[in-house]
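Please read the structure below before turning to the comments.
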Amino acid sequence: MYLQGTKQTFLENMNGTENLTTSLINNTCHDTIDEFRNQVYSTMYSVISVVGFFGNSFVLYVLIKTYHEKSAFQVYMINLAIADLLCVCTLPLRVVYYVHKGKWLFGDFLCRLTTYALYVNLYCSIFFMTAMSFFRCVAIVFPVQNINLVTQKKARFVCIGIWIFVILTSSPFLMYKSYQDEKNNTKCFEPPQNNQAKKYVLILHYVSLFFGFIIPFVTIIVCYTMIILTLLKNTMKKNMPSRRKAIGMIIVVTAAFLVSFMPYHIQRTIHLHLLHSETRPCDSVLRMQKSVVITLSLAASNCCFDPLLYFFSGGNFRRRLSTFRKHSLSSMTYVPKKKASLPEKGEEICNE
């Protein structure tokens, strides 16, 4: 029961947003969220583009400049920054689209690519964070027995696997192209135009919900629970400040994960059930549409949170930053430290 024109972005049709022309049944809902949508998206995507680009560019530059300090988590951080940069480079196109009140100006190829890039970033970020959490758990809970699992080479293979998996599983979104509406305006990021496509979107939703959110979220919770229990158990044996720092890092990472991804996936599921119910009051539908805009903006904002994750992931990145600054100021060649023993490696990984 939407008025024609209350359309949402293509990411929102993962929420089951219906074709507004075919769903105009009794014409009882005369309100739209177009103005709200255009203002929020254009503002949020502008901020995310600027902050995400400079933040991730800086982190990536520092990590590459200190690449001689080899670390498995450095590999994950670099890949996470690359995924963020690929996404934020497409967000200005979305800003232009919403500033022009839903008129696409950049051709069919960029329409497909912009839609695709946001999905790839969303789930690459989730999987990279999950991989980092898993291997951090291995390093802290089993620091000596399983130290060979947490290597730079294995991290590269994991990252390659994540890229291939996400790129292939997100490829269906490349099939959704721009089109001309009844006013001859080119549209992009809009809901599917037939019932068959809507069913396909429903299937994609549950597949991505289970494999792209539930499994990674459970993995992170289990890993961080094991880490916290291990750190608390060993508090009296080793340096308490370093243990508090590790626990604080876990809290920051978990909070960022929950703020960025959980609201979007929960809202998307609720929205699907609402749209498939027989009774859909106009005010409830409009509130749900507004919540789509808010939660989708939060999901996209993970590009801004990730640089903070790099900083709060422990002393290692801050040490890299200090090394980079000293190297830049003194123009002296950095001399790497001697190879660490297994216990030292385990402790270093705990501080990543």
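One-based numbering along the chain as shown.
Backbone N, Cα and C atoms are what each Cβ position is placed from, and that goes for glycine too.
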Original post:
Can Thr66 and Val120 be said to be on one side of the membrane, going by the domain names in Swiss-Prot?
Top reply: no
Original post:
In Swiss-Prot, Cys188 is listed as disulfide-bonded to which of the following: Cys89, Cys111, Cys124, Cys282?
Top reply: Cys111
**OP:** Look over the recorded stretches 122-142, 209-229, 246-266, 292-312 and say which has the most C-beta pairs under 8 A to the transmembrane segment (157-177).
**Re:** 122-142
**OP:** Please give the sequence-distant neighbours of the topological domain 'Extracellular' (94-121): residues at least 6 beyond its ends with Cβ less than 8 Å from one of its Cβ atoms.
**Re:** 7, 9-11, 34, 37-38, 41-42, 45-46, 49, 83-84, 86-87, 166-167, 170-171, 173-178, 185-189, 300, 302-303
Subject >> Recorded stretch, among 44-64, 73-93, 209-229, 246-266, 292-312, maximising Cβ pairs under 8 Å relative to the transmembrane segment (122-142) >> reply: 209-229
Original post:
Apart from its near flanks, which chain residues at least 6 from the ends of the transmembrane segment (209-229) lie with a Cβ under 8 angstroms of it?
Top reply: 122-123, 126-127, 129-130, 133-134, 136-137, 140-141, 169, 246-247, 250, 253-254, 257, 261-262, 265, 268-269
